[in-house]
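Quick look at what Swiss-Prot annotates:
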TRANSMEM  10-31  transmembrane segment
TRANSMEM  57-78  transmembrane segment
TRANSMEM  89-106  transmembrane segment
TRANSMEM  130-144  transmembrane segment
TRANSMEM  166-191  transmembrane segment
TRANSMEM  199-222  transmembrane segment
TRANSMEM  254-265  transmembrane segment
TRANSMEM  291-306  transmembrane segment
TRANSMEM  316-328  transmembrane segment
TRANSMEM  354-368  transmembrane segment
Amino acid sequence: MQHANTNKSLMTPGNIITGIILVMGLVLTVLRFTKGIGAVSNLDDNNPWGIWIGFDLLCGVALAAGGYVTSASCYLFGMKRYHSAVRPAITTAFLGYFFVVVALNYDLGHPLRLPYPLVYSQGTTSLLFEVGLCVATYLTVLFVEWSPAALEWLGLRKIRNVVVKLTLVLTIFGVVLSTLHQSSLGALFLIAPSKLHPLWYSSFLPVFFFISSMVAGLSMVIFEGSLAHKGMHHMMDETHLKEADGVVFGFGKAASFVLAGYFMIKVIDVTMDNDWHYLATGYGAWWLVEMLGFVALPSFLYALGVREKRIGVIRFASVLGVLGIVMNRFNVCLVAFNWQLPADQRYFPHWMEIGISVFIVTSIITVYRFIASRMPVLYEHPDYKDAH
């Protein structure tokens, strides 16, 4: 195992591309906050939410669900064999939620008023208040859950030991808060039955969003672990290397069952609402692509990979699972929203909107690499191996 190599050249193709994206992102950020939202986006009165909400927020929150899924598996359900996956998952979740809040500032007309719902005008009957309160609280919980890695790196043993004793309480808080805001993000669309296509609109949207967040968390842990195993293999210790395949098989099995259940309740929902006739339309074909290609197929591939012990199949299924979550959030927030409007009034993101979203994702990856290459995330600190 090797840690950060300060002698290694920073002028690699990957770092150069990353640097270009970050510089362009900073330029677009300056334009956004000096010229206004209209200068860098195609948002309007018909389409007030674009990819900054549909991708950066809805997808970001869902894909960061690996934090509560992994910590609950290890600390609440006693599956200690997944302990090595907890810190990478918590780190990803913490960065995901942190940059969700960062990205939200781009979408707000008055970014400085972001804390208003918490400290000035609560609006306690609003779902957005509940989402904002839960996300802010859960971000704090994630920071505390992640902090032992930083404290071990800094050598602050006493503070670290105090924080570790709070693990179980923090995990319970994390699961409760995640259940609330993951489902509430789906509930936001309940107020727009005439704007959201019937195949995606349902009174069970909160349930769908929560269950699909579990799929996102399980798939993201496998996907992220596969990337880390390939690109940061030299930073892992023997425990992480030995337990990596077990995490893939265990989470793959769980994802297969959750996806199968999700598929069944989606079919039941369409049946209850008598929406089958919409399948003969273009939107119906797109719904079938989502359900068959990114729900049923990955569920089958997860089951096949686990049964046949084919780790490559499971990793491919995790890619489909992640893409399926992105596709679902895009469909609900963008593609199937305002479906009745003429084509010339529909929303398509400005290239600067896309550029800012790419900047946010690149920032997450860059910060994760910085943390993982210096702090005990992919390995156990030798001074704390017996102090869990």
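Including glycine, each Cβ sits where the backbone N, Cα and C put it.
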Distal contacts, the transmembrane segment (57-78) - CB-CB under 8 A, six or more residues away: 85-86, 89-90, 92-94, 96-97, 99-100, 103-104, 107, 135, 142, 145, 167-168, 170-172, 174-175, 178, 181-182, 185, 209, 212-214, 216-218, 220-221, 224, 322, 325-326, 329-330, 332-333
Intrachain neighbours beyond the transmembrane segment (130-144), with Cβ under 8 angstroms and 6 or more residues off its ends: 61, 67, 90, 93-94, 97-98, 100-101, 117-118, 163, 166, 170, 173-174, 177-178, 180-181, 184-185, 188
Residues from the same chain, set at least six apart from the ends of the transmembrane segment (354-368), whose C-beta lies under 8 A from its own: 18, 21-22, 24-26, 28-29, 32, 40, 51-52, 55-56, 91-92, 95-96, 99, 102-103, 106
